[in-house]
Amino acid sequence: MLNEREIESCYLGQFIPVHYHHNMLMDNNRMHSFKSAIAHAVKPGMKVLELGGGTGVLSWFAAANAAKVYCVEFNPDMVQEARKFMAINENGDRVEVIHADAFEYLPPEPVDIVICEMIHVAMLREKQVEVIESFKRRYRQKFGDKLPVFMPEAVLMAAQPLQQEYDFEGFYAPIVQFQETAVVHNNSAELAQPAVYAVIDFTQPNGMSYAWQGKFVVERDGTVNAMRFITKNILSVVEERATTIDWLNHYMVLPLARPVRARAGDVLEVSFAYRAGGSIPSLEATLEAAVVFEAGQDAVAAPSDAVPAYA
Ligand SMILES: C[S@@+](CC[C@H](N)C(=O)[O-])C[C@H]1O[C@@H](n2cnc3c(N)ncnc32)[C@H](O)[C@@H]1O
């Protein structure tokens, strides 16, 4: 019989099936970023905890230097896989794979670094923020005030208005999309620069709600019919080189229920609200955009005017 959290976990896809872990291992951007951040942050002899270990790959990166790695995973299938992989990889014996809920587990001794990659764009679906906040509370009670270093250390979240094409061989379907970063998307016209709407610093207490209302200066004429969500994870701060090792999630593009026409120079106001760990539709349902300042007199439709489709 599943308890309430397990039912919700399954529903929200917390239990990513084994075959999806192959996609994560194949995501070079993610893998390289974590590998270099872990190589930088984990110094010889350190104790490391990973929450949500999956295949155990990040724990194994840490084992190159760490004296001991506690790798916590809740999905019994993945626990089995991770144990199997540790047995066939050098230094795998430094990783203890533990079948436990990250909301409840605490290591038997203080650790230097906590790695957690329960990260979805915009901090939706997966429980990163809630898991880390719960961990900090319980860890302090057991070990005192000094917290380990978290990886990622911080997360920046931004939004950007788009004119997005939703034509699929003549079939019009405004639907959530994920986009590669660092490539040109011919189907997306960026109508304004991105704006940061939230910064999560895991060393500080973090709330679970993101309610935002912000303004953009429109840079080119178009129909704002979608918002792109950008999530940049600051995996590790490299103080000696005054830089950071980052991982940029795939972009997520959500359609607007009520698109608006805008012209270069207009000011567009956008609002949305959602909870960390919430569903994609819960954010999509709150997305609103309106032109609140018109640059030209004969320019745009009234803010409330809805235009149906990509032009
Ligand atoms: C995005 S995957 C990352 C896996 C692995 N760290 C990697 O980087 O390839 C998140 C993992 O967290 C696990 N997970 C989700 N909720 C959990 C919980 N409450 N306790 C422990 N593990 C959990 C999932 O089963 C999944 O394996």
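Every residue, even glycine, has its Cβ placed from backbone N, Cα and C.
Taken verbatim from TrEMBL:
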type	residues	note
DOMAIN	48-138	domain 'Methyltransferase'
What is the three-state DSSP composition of the domain 'Methyltransferase' (48-138), stated as helix, strand and coil residue counts? 36 helix, 19 strand, 36 coil
Which whole-number mean pLDDT does the model give the domain 'Methyltransferase' (48-138)? 97
